[in-house]
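Chemist: Input: one structure, supplied below.
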Amino acid sequence: MTIQQVLLLLLLWMWLPHPCHTEMLFRRTPDLRPKSFGGRALGNDGKAIHRQKRGWMWNQFFLLEEYTGSDYQYVGKLHSDQDKGDGSLKYILSGDGAGTLFIIDEKTGDIHATRRIDREEKAFYTLRAQAINRRTLRPVEPESEFVIKIHDINDNEPTFPEEIYTASVPEMSVVGTSVVQVTATDADDPSYGNSARIIYSILQGQPYFSVEPETGIIRTALPNMNRENREQYQVVIQAKDMGGQMGGLSGTTTVNITLTDVNDNPPRFPQSTIHLRVPESSPVGTAIGSVKATDADTGKNAEVEYRIIDGDGTDMFDIVTQKDTQEGIITVRKPLDYETRRLYTLKVEAENTHVDPRFYYLGPFKDTTIVKISVEDVDEPPIFSRSSYLFEVHEDIELGTIIGTVMARDPDSASSPIRFSLDRHTDLDRIFNIHSGNGSIYTSKPLDREISQWHNLSVIASEINNPKDTTRVPVYVRILDVNDNAPQFAVFYDTFVCENARAGQLIQTISAVDKDDPLGGQKFFFSLAAVNPNFTVQDNEDNTARILTRRNGFSRHEISSYLLPVVISDNDYPIQSSTGTLTIRVCACDSRGNMQSCNTEALLLPAGLSTGALVAILLCIIILLVIVVLFAALKRQRKKEPLILSKEDIRDNIVSYNDEGGGEEDTQAFDIGTLRNPAAIEDKKLRRDIIPETLFVSRRTPSAPDNTDVRDFINQRLKEHDTDPSAPPYDSLATYAYEGNDSIAESLSSLESGTTEGDQNYDYLREWGPRFNKLAEMYGGGESDKDAS
């Protein structure tokens with residue numbers, strides 16, 4: 001900018017009006033009209049009403065915002081015509097901010113702002129002014145309302161609602177394609193000057209994008225922008241007020257623009273020829289490899305469909321598109337054979353499934369490649385000439401007869417010899433066998449169609465050089481029927497004839513069955529083995545026959561039953577026949593021919609009781625006898641049996657345990673501790689010379705005092721047993737293997753008594769209690785006998 005332009009702008013600025021620096025004084029406008037022109041009206045009483053004129057008139061004051069001076073900012077002056085300057089009037093201010101934001105000089109009417117005002121907070125203030133008489137406090141002028149309007153200055157820069165915007169536009173878009181619109185706002189007054197007039201410009205992002213200065217719409221500025229070359233762009237937009245002039249305030253925002261994909265790239269195979277290998281043993285459906293065409297696009301624009309369009313293996317292989325990986329999976333369609341063909345060639349095509357018509361000129365959107373598949377040789381198991389075999393053989397063939405032959409070969413070029421075997425799990429009875437060299441199956445046991453009509457075998461073929469490679473084939477053997485079974489009665493017949501039967505009367509209809517199954521069906525013939533004077537057989541020619549009587553009247557008292565041999569023969573070759581015997585009982589019947597009783601039952605059974613009833617009664621009796629025997633045996637086992645058996649029923653016995661003790665170390669038969677320490681008395685122990693039946697509650701006897709003589713202890717225990725009603729009346733002598741004090745009775749041994757000089761007195765034995773009565777009688781009785789003699 002030149003100096004002349006600067007001076008010109010300065011002059012223009014000086015001539016522009018600046019109301020914020022203009023002091024505005026409002027006075028009452030003099031009335032220049034004639035006095036008679038005043039508003040006049042008549043009241044109800046006929047008197048004239050005069051309109052009072054206002055002493056001041058004004059509309060508004062103007063105040064510049066953001067005042068930075070140290071003094072109060074002057075707003076304006078209120079003045080009334082009634083003010084003579086003598087201080088008799090007082091000016092009062094009320095309304096928005098009165099007394100705080102705006103103050104008035106009561107004497108002069110000058111209004112000042114006490115602080116800096118921001119127009120963006122509030123654009124105008126409404127106040128009311130009134131002049132009153134200072135002495136009377138009466139208004140000299142009516143209250144008037146006025147407005148203080150805040151003049152704007154450019155103190156706010158444009159702002160964007162978002163710091164960062166995100167937008168997208170399709171790649172390959174034409175120039176001028178709208179991307180996104182950004183809008184900034186300015187808090188300054190748009191109706192005053194250019195403080196709020198915003199102009200947009202681009203600071204970063206050229207030459208790819210542009211922005212409209214007035215609207216803020218971002219558009220593409222270059223044609224054919226390719227996402228595959230660059231996908232992300234960052235654009236910085238500036239918004240400046242004052243119409244973009246120098247000195248204006250500005251704000252910026254960032255717009256991240258992404259180029260979205262369109263299908264502008266065709267798929268491409270990275271190789272013109274692809275080689276794959278597959279073993280010939282691969283089953284149908286096996287995946288042998290994959291092909292993949294690359295596409296620079298993304299998403300659905302990169303989706304590819306694969307197909308086989310040409311080649312000599314179109315009937316041997318398939319290709320399937322894998323959606324998640326976008327690969328073409330080649331699979332086996334038919335079984336392969338290395339010996340038949342070793343190489344296949346396929347022509348595979350990959351084509352986009354979503355093509356944009358706008359970019360047809362970039363096509364075609366497909367590509368092809370050649371796939372060569374080599375079949376690898378593997379050691380294959382033998383192959384049977386058939387998938388299954390069916391052999392039919394008669395059941396009467398001789399052992400070792402060949403019933404059929406299975407054939408298998410090695411499909412490999414080496415043609416290894418084959419070994420055949422039977423799976424014995426399918427022939428547990430080992431009825432068949434197979435020749436391992438030629439596959440001939442022969443019988444090793446007799447066949448019987450009536451036992452098993454079908455035999456399902458499994459033949460195993462394996463290479464001799466590689467026994468692990470095996471193949472199985474099912475062999476079904478059907479056993480054909482031979483007439484080797486004679487017919488027999490179909491059921492067991494319980495036949496009877498009434499005593500009052502007449503000649504030619506039907507007494508039984510018989511039929512037969514045969515295990516054989518001839519092709520023409522079963523046909524049986526019935527006849528008698530010999531001429532019978534009592535009965536005859538009449539063949540019905542429908543595999544049944546009737547048994548008829550040949551005479552009148554039968555007597556069960558003379559003959560209770562008759563045996564009638566019947567010959568049954570078939571019509572197959574060779575003819576088979578058998579003889580079945582009917583037992584015909586003679587029974588008493590009513591006039592209608594209903595059986596009432598037969599000879600054997602009448603003799604054996606009481607009236608009103610059948611054989612079943614007698615059997616039931618007999619079983620009940622046997623069961624009752626068994627129960628009684630068992631109860632008696634249990635009762636006997638519970639009885640108490642003494643361990644000491646003697647021929648004489650003498651209760652005074654010396655217990656013999658029939659074993660040799662262990663001396664002082666043997667404590668099983670007695671407890672010597674009781675005698676040695678009478679204070680340590682254990683619970684009562686059971687007797688060992690009898691089988692205990694009832695366990696009595698043990699009783700604790702009071703322990704003998706210390707240093708008690710053994711004799712006192714024995715006497716005490718003796719009294720307890722004498723008075724114990726539960727103790728058995730057994731007089732037993734127990735050896736304690738302890739020698740106590742001398743007994744007053746001294747020795748009772750008969751050996752020592754022979755050496756004594758005089759007779760001894762055994763009367764004191766009677767004083768020892770009832771247990772010693774027997775001993776007292778023995779010695780006392782001997783003395784009496786001696787005196788008597």
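Any Cβ shown, glycine's included, is placed from N, Cα and C.
Automated prediction, rather than curation, is the source of TrEMBL annotations.
Per TrEMBL, the feature signal peptide maps to 1-22. According to TrEMBL, the domain 'Cadherin' annotation covers 80-160, 161-269, 270-384, 385-489, 489-608. Look at TrEMBL and you will find 603-634 tagged as transmembrane segment.
Explain the structural surroundings of these features, please.
Modeler: Helix first, then strand, then coil: DSSP counts for the domain 'Cadherin' (270-384) stand at 10 helix, 56 strand, 49 coil.
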Chemist: Could you give the number of helix, strand and coil residues in the domain 'Cadherin' (80-160) as assigned by DSSP?
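Modeler: Per-class counts: 0 helix, 35 strand, 46 coil.
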Chemist: For the domain 'Cadherin' (489-608), jot down how many residues DSSP puts in helix, in strand and in coil.
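Modeler: Split into helix, strand and coil, the domain 'Cadherin' (489-608) gives 6 helix, 56 strand, 58 coil.
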Chemist: If you average the pLDDT over the domain 'Cadherin' (385-489), what number do you get?
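Modeler: Mean model confidence (pLDDT) across the domain 'Cadherin' (385-489) is 92.
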